[in-house]
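Chemist: Could you have a look at this structure, given as structure tokens, before my questions?
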Amino acid sequence: MKNYNRPIKLLYFKWLRLKPIKFIVATTLLGILFTIPIKLILDFTGVGDSDIGGFDFERSSQWEMIITVIILAPLIETLLCQLLPIKLIQVFKRNHSNLIALLVSSLVFSLAHYSYSVWYSLMVLPMGFFLAKTYLVFQRRKESSFWMTTAVHASRNLIALMVIL
């Protein structure tokens, strides 16, 4: 019987070892890629863009958007949605702490976006997963997990901003 998981495992381990810039690009694209099926399902079920909601770009100047979306949101959300939940779980839960931290951090990130809508919260769940995984990967590599996670988040938001503008 052929092992079909082998190519996926090879890609996964290659992804884990990418240098920072390549990791940021690859992870940003993965986060976007995994969001597409959710958006397609929402479109198919009649949930439109107005139902999904999101940041109100019409009420902000371009500079306010850039500062908020590319700088402030990634910094604050990395602190609140990745660093704090992951570190707390690692301190208080020794067994399987990284798996639990990954799941909790992903959910915290998703719920942090619930104010836009339940649909928006659902759409950002894959990105929450990749941000939490980024934090854990770079924590294990003993590199700056906070700044790498912030960079991936800022990169994803930059792409979203470029599409909208």
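Just so you know, glycine gets a Cβ as well, placed from its N, Cα and C.
What TrEMBL lists as domain 'CAAX prenyl protease 2/Lysostaphin resistance protein A-like' is 62-159. If you look up TrEMBL, you'll see 21-42, 62-84, 96-112, 118-138 marked as transmembrane segment.
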Chemist: Please check if the transmembrane segment (21-42) comes into contact with the transmembrane segment (96-112), where contact means 3 or more CB pairs closer than 8 Å and the residues in each pair are separated by 6 or more positions.
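Modeler: Output no: the transmembrane segment (21-42) is apart from the transmembrane segment (96-112).
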Chemist: Could you tell me how many residues in the domain 'CAAX prenyl protease 2/Lysostaphin resistance protein A-like' (62-159) are helical, how many are strand and how many are coil under DSSP?
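Modeler: Helix, strand and coil residues of the domain 'CAAX prenyl protease 2/Lysostaphin resistance protein A-like' (62-159) number 84 helix, 0 strand, 14 coil.
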